[in-house]
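Residues annotated as transmembrane segment in TrEMBL: 61-83, 95-119, 139-158, 185-206, 212-233, 327-347, 375-394, 415-432, 452-476, 488-511, 536-555.
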Amino acid sequence: MDIESLSPPVHQESRKQALLKKKRGGWRAIKYIIANESFEKLASMSLIGNLSVYLTTKYNLGGVFLVNIINIWFGSCNFLSIPGAFVSDAYLGRFWTLLLGSIASLLGMGVMALTAAIPRLRPEACNDPTNCLNPPAKWQLAVLFSSLGLLAIGAGAIRPCNIAFGADQFDTGTKKGKAQLETFFNWWYFSFTVALVIALTGVVYIQTNISWVIGFVIPTACLALSVTTFVIGQHTYICQKPKGSVFADMVKVIAASSKKRKLKSGEGVSFYLGPSTDGSSTTLIQNRQRLGFFDKAAVITDPNELNDEGKTKNNWRLCSLQQVKNLKCVTAVLPVWVTGIACFMLTDQQNIYGILQAIQMEKTFGHNFNVPAGWMNLVSMITLAIWISLYECVILPIARQITGRKQRLTMKQRIQIGIVMGIACMIVAGFLEKDRRASALKNGSFVSPVSIVMLLPQFVLAGLTEAFSAVALMEFLTVKMPEHMRAVAGAIFFLSSSVASYICTLLINVIDKVTREEGHSWLGDKDLNKNRLENYFFIIGGIQVVNLIYFRFFASRFVTEKEKDNRDF
């Protein structure tokens, strides 16, 4: 008799899965995943980097309405990563979520390309940008919003799954798998950087100076290649089955603890541990003098809450201790997460109002070369890359030679430095805007004679803000979360950017309403020369000051890290 036929079904299934993993995954799958990611990022970043210019020049949009559209779209792209992660973990799995997200992005970019190719989908061009009387019709805006909506849905599906799906292709339980995973991360960030540079230089230049049609057909073709490449590699992927969402578990813990909110501490409290590795279920009895609010979700108050196998009958009333711990991990990072929101408020507004400033500045170099306004976003990215390279390759080695110790800037120090950079950024931006507007009014022209080069300091400072604060925040979230919640850390990081965009939308509308009632809106006119944009920059700077005080005296206490020496580099 065949020995394999005598093996238990469970072991046979495990053996089949092991053989399948040998045939799938690894670098044979990663090449398709990285190609898919590179094409998708090139497409999305070429739109993000130049959307302000397109809506201003081709849709005759400006003022608060333009900023609202971009802020809400930015916020939605980041916010939808949470339902995207939920759908992936609970229902579809990462492969199908990525595929459907890529298709949604392709359709969205295709519609955007049609708006550039078919003049009827846009309003008539304005000869005088200071007095434009051709606003887009409601149906034209509906077409535009359908494109942005599809792109937001695609981003929400792709962002929480792309890195995680790549990590699924390696066996991280072995040293070889861990080394391969680290190499994958390096190649992933390398491909991301290359795609970013191409998008923000070549594609943006084509859009601005040659043709918007060609400039949008290129990213549409890239997304088509992204989907095609991803599907071709399907036979090489290891596709993990959905195992339930951590986000759904957190909601269940909140619901269960709310139902048991009147439960008091006592001796011999029984906690539900949940299923163990062998499939059985266990409980733990502890003496608790103080029972935390969320701990109550795991307390067994009635033996009937468990079935005959010792498992919970209703996980909306009784949750495992692990589910409670997962929620506590998230609540523990919230004070520092709030700091990140304020930092993203600054960087998001630079990506919008900074580009609008560039549109109304002198951009000609030499005889005929016009610098695309969208290129200014590249300055922040280059600054971030240069600083990280200098810090890792020059500053740290020199510091080690001088002190003889491996010393780095702590997360607390980096976040605080980033906030200070943000304050400086808004001060510089405010005074530059005053000078830009004064020179334009003196010249009596829509475009100020001040060179676009003068925007470099504020974009450099914005890049340094991101290099210190945003990178440290991502590191903090990753370190604080257990390994099985790393995807949650990424979703929370994107959520902070989303909340920042929505808060800025609310703030801008409040400022516009209040100042308009007083006689003249600071932000309401399409022509920046008629606004008081510098006052808005100073308000954002004031928020950064409050953020610095909040972090220094409150949130920094939640950044737990061993600091042997306050002089760490």
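Including glycine, each Cβ sits where the backbone N, Cα and C put it.
Across 61-83, 185-206, 212-233, 327-347, 452-476, the stretch most heavily in contact with the transmembrane segment (375-394), judged by Cβ pairs under 8 Å, is 452-476. Highest Cβ pair count under 8 Å relative to the transmembrane segment (139-158), across stretches 61-83, 185-206, 327-347, 452-476, 488-511: 61-83. Under 8 Å from some Cβ of the transmembrane segment (327-347) lie the Cβ atoms of residues 249-250, 253-254, 294, 380, 415, 418-419, 422, 425-426, 462, 465-466, 469-470, 473, 476-477, 480-482, 485, 488, 492-493, 496-497, 499-501, 503-504, 540, 543-544, 546-547, 550-551, 554-555, 557-559, all in the same chain and six or more residues away from its ends.
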